[in-house]
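Taken straight from TrEMBL:
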type     : residues                                                        : note
DOMAIN   : 62-325                                                          : domain 'CTP synthase N-terminal'
BINDING  : S72, D206, I207, E208, K246, T247, K248, P249, T250, Q251, K282 : CTP binding site
BINDING  : S73, L74, G75, K76, G77, L78, D130, A300                        : ATP binding site
BINDING  : D130, E199                                                      : Mg(2+) binding site
DOMAIN   : 360-591                                                         : domain 'Glutamine amidotransferase'
BINDING  : G413, L441, G442, L443, Q444, E464, R525                        : L-glutamine binding site
ACT_SITE : H572                                                            : active site
ACT_SITE : E574                                                            : active site
Amino acid sequence: MDERYRFSGYARGFGAVRARSCTSQARADILRARGEAELARLASTTGVFLRIAAQSSQTQTKHLFVTGGVASSLGKGLTASSLGRLLKLRGLRVTMQKLDPYLNVDPGTMNPFQHGEVFVTDDGAETDLDVGHYERFLDTELHGSANVTTGQVYSNVIAKERRGEYLGDTVQVIPHITNEIKDRIRAMAGPDVDVVITEVGGTVGDIESLPFLEAVRQVRHEVGRDNCFFLHVSLLPYIGPSGELKTKPTQHSVAALRSIGIQPDAIVCRSDRPITQSLKRKISLMCDVDEDAVVSAIDAASIYDIPKVLHSEGLDAYVVRRLGLPFRDVDWSGWDDLLRRVHKPAKEVTIALVGKYIDLPDAYLSVTEALRAGGFGNDTRVNIRWVQSDECCTPEGAARELDGVDGVLIPGGFGVRGIEGKVGAIRHARENRIPLLGICLGLQCMVIEAARNLAGVEKADSTEFTPDTPDPVISTMADQLDVVAGERDMGGTMRLGLYPAVLAEGSQVRELYGEPRVSERHRHRYEVNNAYRGRLEAAGLVFSGTSPDDRLVEFVELPRETHPFFVSTQAHPEFLSRPTRPHPLFLGLVKAALDYAANRVAPAETRRRAK
């Protein structure tokens, strides 16, 4: 198990020394160890300063910290992502990181209604949904180090204390917690990184954010002010009766930031209407930032417009000048084409997303962005119809909720609630030849539906929903049995991260991917039961992709002659979709939806003309 999560028992080290009687020899050993540690620390620090001094400002990795004030949910993550995209379009090498102040080690066990989706990286880290924004805007792959939580920091510090690594020191927020945070921030830097953009979660003034703010203040002190930039995102509320945008909340937010030693270099002012030049001058004066560094960020029609909004305000130019970064002019060629597809698509389809968390769309954030990206790749606007899965439990309910849609998507999830509705939606889509894509739990529900209604396994079910089912067509993975039984931690123990799959020759997924072997990100505990594969194949189901050892089903579909697009994957392909590089499965779903819509319109047009 990862050392971060080891709490029980005393670790070997100073804890063992304390257990003995504290003789003069023991005290001498302790003092000697402390002296050696201090000498090592001084030598290390001297080496760091010498290395920093030897580097020119052009080769030193720059740190850009994004904080938020006045209110939460202002779009710090999107602002940071958009600025990262702008710097990348200027030829700079950018990486990003999110500091989350909650005490959970990661969001993997959090309620989707509270947190939104859990974004999984290649290395299997369960991270904040903002990491998904970072990957999509930067068109890159990040790792677990891109998301730091208070839970991770405290777990690591406590584990070090138990091992005796602090040599008997009283462990405190400063310096031990802040040093741990700084280590994780500095680890993002390197010779192949020009700028690290770090978003500090929470709102200035929150108690839980204070250690992170203190840590980033210390980073500026250690790397030098010329190598650090603080960007503050704040709200300018509009007061209807007076007809004014008010700056006072922003002034107080900046004052709170300055009270802990951080002076913002630029302020992004979020509002629902443009900010006048006189208001910019006022904010500049009262918050002690350059007038050029007061940025108006009004609500945009699409999140992909935000880079243009920030660029028009000159934020990226100000940042590169302030940090002394080499740069080129922004190359908008690819992004302009994306914006044309976003705002002026040639076609339009409606796709139903059948889920159980639809009251909070952020629970399916990457799925919806992947659907839209599939539309961009087909020059099509994708209208998403949110369907509560419980509404599709009966054939009549499914027909009502899915009436008029051109495609259906069944996303991932956990738990028994809403499962019969998902199975009902799948049956309706299969029988009416509506294009259907299933993701993770969606694949499992599609297998259950096919087993019941095609293979005649009437009581087909999953052990997740019915542990004692007589026909477990979906079963618990062997290495997850102890977790499900409560004998091992739930957090961080699923089949997580990037895994390969071999695609069957002649299958739809092989055609969509265009290659025989692919790798996708996963997050699951359950799998297709191999004992039922023969019966399901005999009923017409095609297991079109498996793990390289053929033991785990990764892709399931129906032949094209049976259904135009009945495709599912055990993976989460939405995590690898990008607005400028749509994922093949989502491209395929939107393309099939376009064909379905065209075939549905053609007979109706023929009937209209006949009249």
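Placed from the backbone N, Cα and C atoms, the Cβ positions cover glycine too.
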Discussion item. If you measure from the CA of G77 (ATP binding site) out to 10 Å, which binding-site residues from the list E199, G442, L443 are inside that radius?
Written reply: E199
Response to the item:
If you tally other C-beta atoms within 10 angstroms for each of the binding-site residues K76, K246, K248, K282, R525, the top scorer is K76
Worksheet item: Given the binding-site residues A300, G413, E464, R525, which one's Cα is the least distant from that of S72 (CTP binding site)?
Response: A300
Discussion item. Cβ atoms within 10 Å, counted per site: which of D130, E199, E464, E574 has the most, among these recorded positions?
Written reply: E574
Practice prompt. Do me a favour and check the Cα-Cα span between E464 (L-glutamine binding site) and K246 (CTP binding site); whole Å is fine.
Written response: 52
Response to the item:
Neighbouring CB atoms within 10 angstroms of the CB of G442 (L-glutamine binding site), all protein chains considered, total 28
Worksheet entry | Which listed residue (G75, G77, G413) has most other Cβ within 10 Å, given these are binding-site residues | G77
Worksheet item: Taking the Cβ of Q444 (L-glutamine binding site) as the centre, how many other Cβ atoms fall within a 10 Å radius?
Response: 28
Response to the item:
If you count the other CB atoms within 10 A of the CB of S72 (CTP binding site), including all protein chains displayed, you should get 12
Fill in: pLDDT averaged over the residues of the domain 'CTP synthase N-terminal' (62-325)
94
Worksheet item: Ranking the binding-site residues I207, L441 by other Cβ atoms within 10 Å, which is at the bottom?
Response: I207
Worksheet, complete the sentence: Given the binding-site residues S73, T250, the candidate whose Cβ has the fewest other Cβ atoms within 10 Å is S73
Discussion item. What's the number of neighbouring CB atoms sitting within 10 A of the CB on L443 (L-glutamine binding site)?
Written reply: 27
